[in-house]
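**Q** OK, TrEMBL features for this one:
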type	residues	note
ACT_SITE	SER159	active site, nucleophile
ACT_SITE	ASP324	active site
ACT_SITE	HIS357	active site
BINDING	ARG229, ASP358	substrate binding site
DOMAIN	49-362	domain 'AB hydrolase-1'
Amino acid sequence: MTEALAPLPQLEHQRAVFADGLALDSGAVIKPLAVAYRTYGKLNALRTNAVLICHALTGDQYVAETQPVTGKPGWWDTLVGPGKPVDTNRFFVICANVLGGCMGSSGPAEEMTDAEGQPMGRPWGIDFPSITIRDMVRAQKRLVDHLGIDRLLAVVGGSMGGMQVLEWAATYPDMVVAAAPIATASYHSAQNIAFHEVGRAAIHGDPDWKGGRYWEDGRIPAKGLSVARMVAHITYLSEAALGRKFGRRLRGASALTFLEDVFEVESYLRHQGSTFVRRFDANSYLTITRAMDYFDLATEHGGEVANAFRGTRTRFLVASFSSDWLFPTEESRALVRALNAAAANVSFVEIATDKGHDAFLLDEPVFHRALGGFLKGAAERVGV
Ligand SMILES: CC(=O)SCCNC(=O)CCNC(=O)[C@H](O)C(C)(C)COP(=O)(O)OP(=O)(O)OC[C@H]1O[C@@H](n2cnc3c(N)ncnc32)[C@H](O)[C@@H]1OP(=O)(O)O
Ligand SMILES: N[C@@H](CCO)C(=O)O
């Protein structure tokens, strides 16, 4: 990736804007607060059928429709839609771009505002305040209130989306009937923080990053962001999946020279890096990876995860994937133990797959049946 790339196009997104802003865990205030979102299906008359989906690190609100930058189907298109496990004939599905994101919610790529909420004529960039997963959830709560919904039938999400699910259940227990944290954990591990730091170092080391002010000459730190994605993408797969997909195959039919040939796996990673930089903002990546790294429910709740859920009436489905080495099953089991210690109602499923962490995004029939059944049960209990 050597070509110069301009910043992402400014698109029109459906947004709710809250003039009074949002106070963050850091003490800073984002004013106004913008939350970009999409909905699918219809809210019923009693407003009891809302399912909030929380996206992962580089996801967005386009969960079940064409993503406007890439032109690709929604990232959970296989799971969400009419007659699908998250059935939009039955449920009113909401998905919001996270605070700090780059698809229309308040974030580093949006125009900076002063303490009175007045526009300052430049993007926030690295002056966007540090945020936490709980800040993301507070922003979503504002949206849910704005939509006139008192209780969510379910909150569902994978990876960083699962962290938000846990934060929802811990922070607003009376608003969450059912919660499905998938391929996630109650904290971000040292190894995961380490991988994030390599990605951030790649961005910081790109001369085009320019201390985060890359908008000034219209050239983004494509090389650094691409390397960050390449490293991260390895962690989303598994050794078995890479072996099955690519093995040691070389690209093209040329003779093995050890000088010019490129392994298929190298080509694949370069492709993942170069497509990523066309849809994601580098300063958003820095902000959101930090928010994931800070996440630790135990620290927020007096040193014990169980404290976050004591007295809860929310029902939980915890799901993990056997080859996920980013959020290994053992971390899901620890979460289940904490929920049991809090006397919460919890089911657990480990899906056998060799596809690694990103299996939660793929067509995994056992996972889809488990989630579909869990939501159906929750719906029946509240008469939806
Ligand atoms: C989680 C959220 O909230 S949303 C964010 C999720 N989305 C992403 O992470 C997007 C990038 N991630 C991926 O593509 C993930 O691997 C998945 C899980 C989403 C998709 O997995 P799969 O369907 O197995 O696709 P796969 O990983 O094989 O990638 C296919 C892409 O690689 C390309 N590719 C495959 N082999 C090669 C190769 N040897 N050389 C170059 N490119 C290759 C394909 O052409 C295809 O490109 P395209 O996506 O531009 O059409
Ligand atoms: N591949 C997904 C999952 C990361 O946890 C993403 O990019 O958001």
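Positions of Cβ are set from backbone N, Cα and C atoms, glycine also.
Keep in mind that TrEMBL annotations are predicted by a computer and have not been checked by a curator.
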**Q** Give the distance between the Cα atoms of ASP358 (substrate binding site) and ASP324 (active site), rounded to the nearest whole Å.
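**A** Computed Cα spacing between ASP358 (substrate binding site) and ASP324 (active site) is 8 Å.
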**Q** Between ARG229, ASP324, ASP358, which of the recorded positions has the fewest other CB atoms within 10 angstroms in the structure shown?
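**A** Taking ARG229, ASP324, ASP358 as the recorded positions, the minimal 10 Å Cβ count falls on ASP358.
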**Q** Please tell me which one of the recorded positions listed here (SER159, ARG229, HIS357) sits closest to ASP324 (active site), measuring Cα to Cα?
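**A** Of the recorded positions SER159, ARG229, HIS357, HIS357 has its Cα closest to that of ASP324 (active site).
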**Q** Which whole-number value in Å describes the distance between the Cα atoms of SER159 (active site, nucleophile) and HIS357 (active site)?
**A** 8
**Q** Measure from the CA atom of HIS357 (active site) to the CA atom of ARG229 (substrate binding site) and give the result in Å, rounded to a whole number.
**A** 15
**Q** For the recorded positions SER159, ASP324, ASP358, which sit with their CB under 6 angstroms from an atom of ligand 2?
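**A** Correct list: SER159, ASP358.
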**Q** Among ARG229, ASP324, HIS357, ASP358, please name the recorded positions whose Cβ is nearer than 6 Å to ligand 1.
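**A** Among ARG229, ASP324, HIS357, ASP358, near ligand 1: ASP358.
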**Q** Should the residue listed as 'active site, nucleophile' be counted as helix, strand, or coil on the basis of DSSP?
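**A** Note: the residue listed as 'active site, nucleophile' is coil by DSSP, not helix or strand.
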**Q** DSSP on ASP358 (substrate binding site), three-state: which is it?
**A** helix
**Q** How many neighbouring Cβ atoms, not counting its own, are there within 10 Å of the Cβ of HIS357 (active site)?
**A** 24
**Q** By the DSSP assignment reduced to helix, strand and coil, which category contains ARG229 (substrate binding site)?
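**A** Helix, per DSSP.
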